[in-house]
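K.L.:
Dumping what TrEMBL says about this protein:
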DOMAIN    19-247  domain 'Phosphagen kinase C-terminal'
BINDING   22-26, 118, 169-173, 200-205  ATP binding site
Ligand SMILES: Nc1ncnc2c1ncn2[C@@H]1O[C@H](COP(=O)(O)OP(=O)(O)OP(=O)(O)O)[C@@H](O)[C@H]1O
């Protein structure tokens, strides 16, 4: 795998970056002339890869690197997974699965995931207009050369019926510490279901929330246009952003001392700890981001510290960075050192 696999797009600024870390749209597409991946064998999947390889390489606008999952080792696959560029199944079952990745590493096209193509674009902050234009453009370019499985009645056909229609999922990764601290999070997130949206953990379906990060996305893909789905999600997200900011103000006014103590203790731990496991590090980093966004931390820190460290301190990234195999103790020591170095910079 190329050395520059670890990407930088997350640390750029974006709209509403104090609450929305990143936005994502993904489209699921299948080829009419091949069995869908959940029905096909390795031979047919390999044919799909070879067929798509030629078509995708010649797309305009972007240069893509192509990776056969089998040719990457497990650490490399896990790095891609930690950056949300491939799914857990692409890591665990690499046989006859592939990935196209653009140079900026924010556009990924997984081949032979649940569907033949899983196309996604990620951008920092709340940024659906640009993502939609780009992904729609990319999809149209692909469609010029590919015969998609499409029904006039149902729209795009997918392996799982819950994706049929637009086969589009739009989502945001939100940082909601004040709603967590004020105990309002369950009510707010519970209410999003009424708008046809769903909340997932930080690593997608079936995962838990970590570092006060929540992924909110559309559940319904059928019966609405792509634009309607995106607009509805965006309007709910804007209300959640407003609620989070209101809770921050409330906490600052009514709980200032406790809050400042909590943030500065987290800062102290990360500044001096010698050994940190991943979830402990993420928990304290989340508080530091909160402290920066509410000006509770006076020290001049990189304003994108959280986004910068979020990936760098994860296990596969630490391992990838190291020449030899590290055990968990060594990973925890290395993680603490990277954070200490970052926080003790002049
Ligand atoms: N806005 C976002 N920013 C960064 N990463 C995201 C965002 N939204 C989702 N992800 C990540 O993308 C990955 C896929 O998410 P998820 O499982 O919800 O996927 P999906 O493509 O909709 O799949 P499925 O159709 O199987 O549910 C997860 O690792 C998730 O954390």
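Positions of Cβ are set from backbone N, Cα and C atoms, glycine also.
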K.L.:
Taking ligand 1 as the reference, state which of the binding-site residues 25, 169, 172 have a Cβ closer than 6 Å to one of its atoms.
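P.N.:
Among the binding-site residues listed, those whose Cβ sits under 6 Å from ligand 1 are 169, 172.
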K.L.:
Determine the Cβ neighbour count for residue 25 (ATP binding site): the number of other Cβ atoms within 10 Å of its Cβ.
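P.N.:
A count of 26.
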K.L.:
Relative to the Cβ position of residue 169 (ATP binding site), how many further Cβ atoms are located within 10 Å?
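P.N.:
I get 22 for this one.
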K.L.:
Write out the long-range same-chain contacts of residue 172 (ATP binding site), meaning residues 6 or more apart in sequence whose Cβ is under 8 Å from its Cβ.
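P.N.:
Residues satisfying the criterion: 20, 21, 22, 23, 24, 126, 215, 216, 217, 233, 237.
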K.L.:
For the domain 'Phosphagen kinase C-terminal' (19-247), would you mind checking the mean pLDDT of the predicted model?
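P.N.:
Its mean pLDDT is 91.
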